[in-house]
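Undergrad: Quick one: structure below, then a few questions.
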């Protein structure tokens, strides 16, 4: 396309940025799978929905006025404007944000960052927060918290950018904001009614592995696209991204193996730690430093998890829930997922941003980089600390300022009965387990039919219930019969056990599967 009769868009840059947009957008459903595999089975659909709805609400807000508020013609170093509301600029040329491709492409790319940031917060409140207040929260939070912070760090005249704070792809804008906001939301909501420190609600680790792999792939665009062109800087960011992820995975697995067993949830956590850690510095450091950064931050997180186990941190915040198993190895489960928010704060948000000020080199990124403390410029650490503290205070204030009025007016916390039942049923009126239950019922009918057709078999009625029976190996104790829960009764407390195999359950039929 001809611009002003002289300039042309670089189709390679535009293609790379559009590809990166798709990759970052993929990260939101990937996050949904990552979280969805770790929650209790009664909140799976709800957790998936909490991420999914961000793709609708946040991107609509982004098109209406969010992009303009973050990157529009600035009215001050602190705020953009509404001059670009509803994207009225068309395919205009902008030398600051998209010098070699359409501004619309840049808008779409940045919109995917705006989507995944509140989706990260969703992991902190799953199973506890009402749906409507949550949707109101993410809309308002994106407007008053994310958009201004994006302007401060990435806007052409943002005050943190002018100060010299380095954040290549979102250590402060994405990870600190979502992490702090998740923790503040957890404090306001309070502890779960059904929290069991001795159990793990993780119901589907294959979901989590799939989510981890897709997040890893999507991070290629998250960091690589932040180079804003198909250039050597993009190649550097991609290399640093995958190097840090691989280092995080190997480091975590090695530590796990040294302690006894390699946990799958831990193996999924390692690369995420590495990815978040390298995000703020991926375009400012050499690849060798990405290895060291990932090792440092993985060791920090692992150590803090051990301290959490032995020092009994306040579980009300649900920051990092762990329990020992087998040979005292760490098994991580994220019920409420504030642990992931904890990672965002400690790695990309704080440790990663701080280490960017330590190991960055200006010759690596001459256009936007600075020498760090390791290369003779220690003042860069102070600029990083300024960005870190600003993001922490701002996120905490915005989150509390939104949730507390909602809490005092329409209420944000679920009723105890709804929380115990689970949001899949209480909020959505659906359950992903229906198909499995129906398949099991059909299987039982086939068994009964086959039995009735066999020779010398007594006729068995097709209407009945299923019960599980436990018999001790010694045979000295009476057998225990446990009615099998149906779809309707899946999230209700199990009925009382009855000693003796001959005793039948006579309680409500809703607590057993009928066939």
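Here the Cβ of each residue, glycine as well, is placed from N, Cα and C on the backbone.
Take a look at what TrEMBL says about it:
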TRANSMEM  15-36  transmembrane segment
DOMAIN    15-326  domain 'Ammonium transporter AmtB-like'
TRANSMEM  48-71  transmembrane segment
TRANSMEM  103-127  transmembrane segment
TRANSMEM  134-154  transmembrane segment
TRANSMEM  166-190  transmembrane segment
TRANSMEM  202-222  transmembrane segment
TRANSMEM  234-255  transmembrane segment
TRANSMEM  262-282  transmembrane segment
TRANSMEM  288-307  transmembrane segment
TRANSMEM  339-361  transmembrane segment
DOMAIN    343-431  domain 'Ammonium transporter AmtB-like'
TRANSMEM  381-406  transmembrane segment
REGION    488-515  region 'Disordered'
COMPBIAS  506-515  compositional bias 'Polar residues'
Undergrad: Counting only residues 6 or more past its boundaries, what in the same chain has a CB within less than 8 Å of a CB in the transmembrane segment (262-282)?
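TA: For the transmembrane segment (262-282), the far contacts come to 34, 38, 166-172, 174-175, 202, 205, 208-209, 211-212, 215-216, 219, 222-223, 226, 236-237, 240-241, 243-253, 256, 289-290, 293-294, 296-298, 301, 329-334, 340, 343-344, 347-349, 351-353, 355-356, 359-360.
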Undergrad: Please work out which recorded stretch in 15-36, 48-71, 103-127, 134-154, 202-222 has the most C-beta pairs separated by under 8 angstroms from the transmembrane segment (166-190)?
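TA: Comparing 15-36, 48-71, 103-127, 134-154, 202-222 against the transmembrane segment (166-190), the winner is 103-127.
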Undergrad: How about long-range neighbours of the transmembrane segment (48-71): same chain, 6 or more residues beyond its ends, C-beta under 8 Å?
TA: 25, 28-29, 31-33, 35-36, 79-87, 97, 106-107, 110-111, 114-116, 118-119, 122, 125-126, 131, 134-135, 138-139, 142-143, 146-148, 150-151, 154-156, 428
Undergrad: Could you give the number of helix, strand and coil residues in the domain 'Ammonium transporter AmtB-like' (343-431) as assigned by DSSP?
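TA: With helix first, then strand, then coil, the domain 'Ammonium transporter AmtB-like' (343-431) has 61 helix, 1 strand, 27 coil.
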